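Please read the structure below before turning to the comments.
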């Protein structure tokens, strides 16, 4: 049945939070989605689109309709001397796409290995890791407007990408459902090894040649060492964004805290590592009942088993208040909080 009622969501979010959706649909095609949206009895419902459930926190049950996008398929649209264009369904697992590209020799997303979630969520969040952002390989996407049923194509400019952000998280939030994404990948790789511990790990791995496979292997190793596997410990990866502040404020913080890591950006701003701010505020390894902060990565809030969404959210708010008090910096959640 295309529309189900009172469906448990615990297995559909990587936090492993027990919550229930009033209505739920697993959507495997564009035609199926259009048919469902034509049901007038569903028009007034709150709607939530999910993919892998890896960037979401249910603080309570969802009294609306959860639309679970599962449109699959990877199609090569074309190529020239330098690039390959791929058309990818929103329901394709992101890491599976990365592995597919590595196997084919398509470069550009190897630094984004092992990021959980689906392709349809990647442009919403403008996912990024280890010096690379999704927007760098993005060409366009097709999305269905919920209110009209019309399909619109968005180019890079229309998506208004910024750090872990896009128009689909701001002015168009909840108005469109992404169906397919087109990526422009490179035939000749430009290796990004200057971020994090990639160079150090590559040196220990000693690959015969530097390749996109070697970069991916290094990133996978780093992520597996630092981040808990949600199959065993519930989490949504990085809970907070790295805050961006103006350089004047960064200078004040540097004067007060000489060891604070500051990454100067080209636009007159600076980025601070949220993990450092959280750790310096004393939260690393914190645990209260079933909820806590990961021992190795302070950016990750974890559910050790049986935690409620309210308990996770309460901890997140306490961390925000603590960092704001200590550093006069407000951390912004990267996770989509449903309350």
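Positions of Cβ are set from backbone N, Cα and C atoms, glycine also.
Values in this document were obtained by computation on a predicted structure and should not be read as measured data.
Residues or ranges marked as domain 'FAD-binding PCMH-type' in Swiss-Prot (evidence: sequence analysis): 16-188.
For the recorded site, residue 164 (active site), the DSSP three-state label reads coil. Summarising the environment of residue 164 (active site), the number of other Cβ atoms within 10 Å of its Cβ, over all protein chains shown, is 20. Swiss-Prot lists 164 (among others) with the feature active site, giving sequence analysis as the kind of evidence.
Residues or ranges marked as active site, proton donor in Swiss-Prot: 238. When Cβ atoms from all protein chains are considered, those within 10 Å of residue 238 (active site, proton donor) total 21, not counting its own. Residue 238 (active site, proton donor) carries neither a helix nor a strand DSSP state and counts as coil.
Classification of residue 334 (active site) by DSSP places it in coil, neither helical nor stranded. The number of other Cβ atoms within 10 Å of the Cβ belonging to residue 334 (active site), over all protein chains shown, comes to 19. Positions annotated as active site by Swiss-Prot: 334 (among others).
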